[in-house]
2 protein chains.
Amino acid sequence: MSEYTPLSAVGEFGLIRKIKEKIELRNESTITGIGDDAAVLEPKEKQVVVSSDMLLEGVHFDLTFCPLKHLGYKAVAVNVSDIAAMNAKPTQITVNIAVGARFTVEAVEELYEGIRLACESYKVDLVGGDTTSSAAGLVISVTALGEAAPDQLVYRNGAKLNDLVCVTGDLGAAYMGLQILEREKQAFIANPDMQPELEDKQYIVGRQLRPEARMDVIYDLKERGIKPTSMIDISDGLASELFHICSQSKVGATVFKDNLPADPQMLETAVEFNMDPLTCIMNGGEDYELLFTVPLSAYDELKNHPDITIIGKITEESEGVNLATKTGQVFPLKAQGWSHF
Amino acid sequence: MSEYTPLSAVGEFGLIRKIKEKIELRNESTITGIGDDAAVLEPKEKQVVVSSDMLLEGVHFDLTFCPLKHLGYKAVAVNVSDIAAMNAKPTQITVNIAVGARFTVEAVEELYEGIRLACESYKVDLVGGDTTSSAAGLVISVTALGEAAPDQLVYRNGAKLNDLVCVTGDLGAAYMGLQILEREKQAFIANPDMQPELEDKQYIVGRQLRPEARMDVIYDLKERGIKPTSMIDISDGLASELFHICSQSKVGATVFKDNLPADPQMLETAVEFNMDPLTCIMNGGEDYELLFTVPLSAYDELKNHPDITIIGKITEESEGVNLATKTGQVFPLKAQGWSHF
């Protein structure tokens with residue numbers, strides 16, 4: 001499209017109408033979506049889980065390298081990830097966005113196209129929200145709702161002595177992807193004619209720009225009849241999330257350095273940047289993988305699972321949270337979360 | 001307090017801890033609040049309503065004249081107002097805030113004190129959210145949840161021919177309050193030694209800074225056994241909301257100019273500003289009163305109600321949406337919403 005429409009040409013109601021046109025409702029529990037003072041849901045005998053997260057331009061994303069469609073997708077995915085971490089099924093989302101005057105209708109539609117794709121992929125219904133102007137950058141605030149039978153929910157506080165500690169996918173890639181994007185941005189600023197060098201970095205860059213909530217693993221575990229004893233999603237880094245599980249479950253944990261799942265592209269890139277790959281794995285944020293514990297009895301079922309790695313075991317609380325090496329050395333871990341301030 | 005603590009001194013987790021300490025959970029349907037990946041609710045046989053709104057500094061509020069405690073209260077109230085407009089009982093909220101580096105821990109606590117007061121006043125539970133940094137101004141995004149038996153919910157589309165059109169409280173005051181605050185801000189910028197002249201404007205300024213959701217009227221109508229046929233909250237002005245009800249209900253409406261409820265302070269101030277009071281009443285935003293329709297049979301019960309005014313009646317769709325004067329003149333209304341763009 002070569003013509004762009006200023007937001008003022010369609011107004012708030014016109015914009016809502018355009019967005020609403022493309023919405024499909026998929027969940028039985030969605031009684032009414034957008035169009036009244038509030039959406040109406042009927043979860044029946046299910047429990048409802050609610051989680052909310054806000055992404056701000058200049059803090060959580062940089063529009064220089066983050067395409068709006070990916071951003072819309074990511075805003076939904078990171079919230080669905082919280083629902084996944086409760087072992088619940090995501091059902092509805094509300095989306096509040098604030099956009100500056102420089103935004104066109106087409107740009108907002110692109111953002112909502114990403115939101116729509118994520119809704120399709122995770123089978124959630126966009127049921128409400130707010131579209132307003134921003135005096136500064138783009139802001140996206142998403143609230144996700146999900147459902148589960150009460151006995152299916154998994155909390156952070158259920159890890160038990162001798163449980164296996166598991167993670168999905170691989171770790172540290174989203175963080176290294178961000179380093180690549182920052183480097184290419186600096187190179188572009190220095191020389192706008194330069195083409196970005198991303199060919200051999202597509203996996204890690206994709207992990208940063210378009211993370212997925214691991215609903216696939218949630219559905220897979222359910223099929224296998226395995227219910228985790230505790231679970232959390234990895235948004236702030238493995239170490240920090242492991243501390244949450246251990247402190248809330250009143251247990252300790254030992255993870256084995258050699259078991260930690262890493263993608264070769266992440267490892268190469270860490271070396272390229274003179275960074276310790278272990279630090280990226282333990283403290284790199286935004287992987288949105290799941291960290292969970294299962295009873296020892298699940299070992300045979302999970303030991304060769306393509307998307308799940310057993311990385312350690314739950315110990316007595318007094319033993320603390322540790323990293324063990326092949327040679328038997330044990331290092332206490334530090335909770336080094338991702339500080340926004 | 002003379003000492004201020006930078007946010008970096010307590011960090012995100014420290015801040016969440018401080019906020020969490022003061023939270024009380026009041027609703028039976030709240031199973032788990034803050035502390036896991038998501039809050040857990042159990043609405044049982046009830047339907048759940050969800051609404052979400054975002055307030056941005058420089059667009060929706062001005063910290064020059066809006067105290068943080070009031071702002072926190074208002075952010076909750078405007079969302080509860082949407083739940084009220086569904087004839088539901090508010091039960092939970094999630095709050096996402098983004099604050100700039102200039103904010104102190106004490107300032108964030110002041111904001112949350114307002115949120116806590118609103119939670120207390122509306123008996124809702126703060127069950128989740130996000131506290132992050134902002135590269136620009138303060139952003140508050142609230143999602144409110146409520147509950148109602150399915151047959152108790154009131155939508156925008158249920159108004160019937162000959163229904164009475166009612167509003168709560170008075171209209172236009174929040175808009176005039178904003179004009180006063182803007183004037184005093186300009187005066188202050190011109191002469192910082194000048195004291196603001198707000199003594200005789202307290203009511204309208206209060207309506208702008210600290211609106212209330214009309215849950216009192218919702219509970220009162222329930223006690224009287226009156227269920228509105230349609231309802232909406234007045235955030236964008238009476239005219240705009242009346243159009244929403246009429247278009248969704250496929251009806252027309254006539255409101256009587258002389259019945260429109262206005263506070264004397266609002267009227268005086270409109271004159272002072274050379275503004276048409278009727279325009280303030282019809283198109284002034286942010287009153288957060290309720291506009292609703294009831295069957296004609298409710299007339300006797302409501303005609304002398306201290307907080308409800310019968311302002312008109314529902315007509316055939318073909319008659320349109322009109323304003324009638326005492327002398328019998330009829331003017332078609334225009335939907336002149338509050339455009340953010």
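Placement of Cβ uses the backbone N, Cα and C atoms for every residue, glycine included.
Note that TrEMBL annotation is computational and uncurated.
Annotated features, as they stand in TrEMBL:
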type: BINDING; residues: B:ASP37, B:ASP82, B:ASP233; note: Mg(2+) 3 binding site
type: BINDING; residues: B:ASP37, B:SER51, B:ASP82; note: Mg(2+) 4 binding site
type: BINDING; residues: B:ASP53, B:ASP82; note: Mg(2+) 2 binding site
type: BINDING; residues: B:HIS60, B:GLU286, B:TRP338; note: substrate binding site
type: BINDING; residues: B:ASP236; note: Mg(2+) 5 binding site
type: DOMAIN; residues: B:35-147; note: domain 'PurM-like N-terminal'
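Here the features listed in TrEMBL are placed on the structure.
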| residue | record | contacts (Cβ under 8 Å, 6+ apart) |
| --- | --- | --- |
| B:ASP37 | Mg(2+) 3 binding site | none |
| B:SER51 | Mg(2+) 4 binding site | B:ASN79, B:ASP82, B:ILE83, B:THR143, B:ALA144 |
| B:ASP53 | Mg(2+) 2 binding site | B:ALA75, B:VAL78, B:ASN79, B:ASP82, B:SER141, B:VAL142 |
| B:HIS60 | substrate binding site | none |
| B:ASP233 | Mg(2+) 3 binding site | B:SER81, B:ASP82, B:ALA84, B:ALA85, B:ALA213, B:ARG214, B:GLU241, B:TYR288, B:GLU289, B:LEU290, B:LEU291 |
| B:GLU286 | substrate binding site | B:ALA174, B:TYR175, B:LEU178, B:GLN208, B:PRO211, B:SER235 |
Most Cβ neighbours inside 10 Å, all chains, among the binding-site residues B:ASP82, B:ASP236: B:ASP82
Of all listed binding-site residues, namely B:ASP37, B:ASP82, B:GLU286, those lying near chain A with CB under 8 A: B:ASP37, B:ASP82
Helix, strand and coil counts within the domain 'PurM-like N-terminal' (B:35-147) (DSSP): 35 helix, 46 strand, 32 coil
Conformational class of B:ASP233 (Mg(2+) 3 binding site) under the three-state DSSP mapping: strand
Stretch-averaged pLDDT - the domain 'PurM-like N-terminal' (B:35-147): 94
